[in-house]
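Quick look at what Swiss-Prot lists:
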TRANSMEM  59-79  transmembrane segment
TRANSMEM  122-142  transmembrane segment
TRANSMEM  153-173  transmembrane segment
TRANSMEM  184-204  transmembrane segment
TRANSMEM  222-242  transmembrane segment
TRANSMEM  259-279  transmembrane segment
TRANSMEM  286-306  transmembrane segment
TRANSMEM  338-357  transmembrane segment
TRANSMEM  427-447  transmembrane segment
TRANSMEM  470-490  transmembrane segment
Amino acid sequence: MVGAKAGPSPGTSLGLAQQHSGGSSVLVKSPFCQVCCCGPAPCASCCHSRWPSLTASTCSRLFYILLHVGASAICCLLLSRTVVERVWGKTHRIQMPSGLCAHLFGLSDCPVLSGSGAVYRVCAGTATFHLLQAVLLVHLHSPTSPRAQLHNSFWLLKLLFLLGLCAIAFCIPDEHLFPAWHYIGICGGFAFILLQLVLITAFAHSWNKNWQTGAAQDCSWFLAVLLATLGFYSMAGVGAVLLFHYYTHPAGCLLNKMLLSLHLCFCGLISFLSIAPCIRLKQPRSGLLQASVISCYIMYLTFSALSSRPPERVILQGQNHTLCLPGLSKMEPQTPDISLAMLSASIMYACVLFACNEASYLAEVFGPLWIVKVYSYEFQKPSLCFCCPETVEADKGQRGGAARPADQETPPAPPVQVQHLSYNYSAFHFVFFLASLYVMVTLTNWFSYEGAELEKTFIKGSWATFWVKVASCWACVLLYLGLLLAPLCWPPTQKPQPLILRRRRHRIISPDNKYPPV
């Protein structure tokens, strides 16, 4: 074949692209990488010469993350009152042109192109886009399958399809969109919160098991466990002090004080149970590292909840004061704290991206029941990876491959990356479907979506958002307590002592020694 000498190995992403396209290298080297946009070749083939280690699945994951970030940024711009005023010159409610609206719907009441309605429509398009791909990629186990091209290729067509879905959503009138899609978004948002809680507890549990395995063998790993534990407890303690300083006041904020005190008690409870003798009897690897990670996450959820509640107004010395939020303890009107809103939004979106990538990886490693299996995994040797090591996937690939006879002169099996996916494509898109719904309801204040604005979402807050985040914090505590206490309810395992006694009873007696020693 032409170009066979310079052709790449089958294990690279460029080799996969040539396999999909029939082995021709001319197709991959076409100008402007048009095959990456419209054809079956993955985008990794365009930049393989500069980044040889970039695989098709990794490149696709980065592209999907960029698509989700772009869609979320568009939602924030359409929800921002400041952007609407400066770009369109109107205070609110930018509607579709009446002529186009009458031609499409035959109605004078046109859909709104800004505000919560626009956020619902954009997120409806992105959620539908990922849900369709999740359904089409179910039970996909090989990147060489034709269905894998749907995930790794045809980017221009997929972008046009996504824009078409969003355009169709903007053509749906409000009375048909909001009632059904609002409840779908609430259910999807709660499901994504539960998924985040499972992932953070599994992350802490696996990290602790990983490094505790090394601590039992080497003192350097014990030092790493100690430093990481002190670091997370320090962050949790500093966070608690800052929350008491900025979110409480001697004259009010009783709810904030009670909530902070309760959550600090939760942190102390899970720390005590993590090293309790009854817990360590069933879970010898249990320690303070996982409790410190959960305590730090509890403090983050507490900060997120307190920053989402409306301010409290009290009368002190005949003057009206606004309390319980940073920078609102004085009588004078103040500008909103944009830095606090940006910090809260950045942490929230970082958790969203972590959940989307980690869930798809664990689903490929452990299978459909990864939520249960990830807690029972035992590390054979420690590694710097905080979650499950890469050897899990390699072992899985070795078990899945067919055994070859020793005398058969055939080339060795291809690398694991060619045989198996690095993450589950279907789970990846399904988690992004839930993430789109979660971003939608978070930006629009969950239950009170009417009149939602970006400036109010992360600054003024609402009671609905406050109680949702408080409930998610309590659910995290209950999930971790269940993880610690569940092994206590399991029946005790049989010990091998009866087998040893049975061997002693059936000992053979030689003729020279009629009475064996007892």
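Backbone N, Cα and C atoms are what each Cβ position is placed from, and that goes for glycine too.
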Original post:
Taking 122-142, 153-173, 470-490 as candidates, which has the most Cβ pairs under 8 Å with the transmembrane segment (259-279)?
Top reply: 470-490
Original post:
With pairs 6 or more apart in sequence, are the transmembrane segment (184-204) and the transmembrane segment (286-306) linked by at least 3 Cβ pairs under 8 Å?
Top reply: yes
**OP:** Count, for each of 59-79, 122-142, 153-173, 222-242, the Cβ pairs lying under 8 Å from the transmembrane segment (286-306), and report the range with the highest count.
**Re:** 222-242
Original post:
Which sequence positions outside the transmembrane segment (470-490), separated from its termini by at least 6 residues, show Cβ-Cβ distances below 8 Å to it?
Top reply: 193-194, 196-198, 200-201, 204-205, 259, 263, 266, 269-270, 273-274, 278-279, 282-283, 286, 294, 297-298, 301-302, 305, 375
Original post:
What residues in the same chain, six or more past the boundaries of the transmembrane segment (59-79), come closer than 8 Å to it by Cβ-Cβ distance?
Top reply: 13, 42-44, 47, 113-116, 118-119, 122-123, 125-126, 151-152, 155, 159, 162, 349, 353, 356-357, 423, 428-429, 432, 435-436, 439-440, 443-444, 452-454, 457
